[in-house]
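For reference, the structure is listed below as structure tokens.
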């Protein structure tokens, strides 16, 4: 059993912990948290050994009546691999600690690509993470783009991709964020960071990205244009994408018009927290004009990177090849809508 | 003095009436309204002769204590030209009435292009409306795209335009519309109607458009890509656009991040109703990569067609050429930020 420690038990960390716990070849050796809030209590109830992410705060957990197994360094020492799911920038501060204990670490997409040996997407470059000490699982949006671009690149060749990312302003719990009743070019200057971030996975891909922020919390939505080297029919593209295990082609008959109904469908299907691990590509939107492919896809910012983190655990340890790992992760989680 | 009648006194009609009243060569011969609501009372207070758009409802205005000059047919007969600013589809029903009185009519962008002799944008095809009996002033979004594409097409040539229109869900007063907290591909299928609508102004232009709807009411925002035949620098494009009287290049120093601050600026400048007649193009967003031009622009859906309607009045009557009319309209309204 692979001993996985999770440092940071917020939006991503708690989902990764649950996903790891479901894997037949992994166990959660512990989770680390900075504050004794509702998530800390839930972690203990789930039976995850809880560590204080900041050692000096250990007493605060005890005062709150929450049992703590120790400080985060003990967790790092006990783990075969640590998933760092701390807020952006904190991962970089933690790097020296992981190195001190010689524990391979997986970071999230908010960290800089320069921090790590490899930026990772299971579908696109799984094998590059073999034996790496520091791996960055790219952000939700970059994950969503990588999953889509990989089969297009392999099958037709990508001349150029142009993507407008209409981003949710914040997650449902991020009550301090905006915008309210506005549409913000964000950033106003081009490109948004997403294009260069996709290039950490596909170094030679020609891609321009534009970002916006709107008053929504449920999912991001991408307006995608990909100019292809070889021009297929829209039907052929739909067939290609339907064959990808982490792409969900939203069928026209479902009458799903946006993120609200997608989340409703996920909850009706019994998904934990209503999570949608797959890209949601509107089947009817897949269109080809000249050599331009167009489509809309929605990306669940809180969960699409979760199966990627699970795969990255196996990738760095050499515990399985890409196809084996993706299949094992998908089976254990129930990926596939 | 050109006698202008306005049939429909809602969002567009009331603005067109005020704009016409400011023109040195025009007068508002009357406005027609279906219901005696707050807008009807305001029209009377402004001194616009008020007509009942549905003759049988004349008594309802009298019951509400609102003085009515007559039924809409009297207005059509008295006018040299009628601006039809009725809700989408009602213009088509009114066409026979305008023909019966041999009064040229201007319709709004919600009507079908097939209804009219010419679809109209002052910057792009003013002269085509000369002597036409039925002219359609294209919608707010198509107006915004036409103003932008005309100088690009003339100066560099357009290989292909690809535009994602992130549309406000409804106007501030349209309380029954959504979405709330969602990002809707709308329509899900491609293209949105905007591309074909731009082709009513530029028949040979290669353009693909994608539409979305979001929870915002203030303005639309376009993510624009234009592949150019001749490739300029971004600076040259900025200079070109800055020379267009109905494009406002939002300067970086203004620190305007979205529609809220744009509207605030318009109100601070004393604009009636906070209207923004110009396309708002973020100067910093104007970028050139390979032969691709990118930029963001915001479009005020309630007002950008207002100066276009004023120009269309002169165009159909042959009262001025394009440059004269645009300058006269701009001067009278105060267009130019």
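Every residue, even glycine, has its Cβ placed from backbone N, Cα and C.
Automatic prediction, not curation, is the source of TrEMBL annotations.
Going by what TrEMBL states, the NAD(+) site holds B:11, B:12, B:110, B:301, and the candidate of B:168, B:238, B:246 recorded there is B:168. All protein chains included, residue B:168 (NAD(+) binding site) registers 27 other Cβ atoms within 10 Å of its own Cβ. Note on the domain 'Glyceraldehyde 3-phosphate dehydrogenase NAD(P) binding' (B:2-140): mean pLDDT across this stretch is 97.
Following the DSSP three-state reduction, the secondary structure of residue B:140 (active site, nucleophile) is helix. Recorded residues residue B:195 (D-glyceraldehyde 3-phosphate binding site) and residue B:140 (active site, nucleophile) have their alpha carbons 13 Å apart, per Cα-Cα distance. Residues B:11, B:12, B:110, B:168, B:301 make up the record's NAD(+) site, and a Cβ search at 8 Å around their centroid adds B:139, B:140, B:171, B:302 from the same chain.
Taking the Cβ of residue B:139 (D-glyceraldehyde 3-phosphate binding site) as centre and 10 Å as the limit, one finds 22 other Cβ atoms among all the protein chains shown.
The binding-site residues under consideration are B:11, B:141, B:301. Their Cβ neighbour counts within 10 Å are lowest for B:11. The two recorded residues, residue B:168 (NAD(+) binding site) and residue B:141 (D-glyceraldehyde 3-phosphate binding site), have Cα atoms 11 Å apart. The D-glyceraldehyde 3-phosphate site is defined by B:139, B:140, B:141, B:194, B:195, and by the 8 Å test on Cβ atoms against their centroid, the other residues of the chain that qualify are B:109, B:138, B:142, B:143, B:144, B:145, B:165, B:192, B:193, B:197, B:198, B:209.
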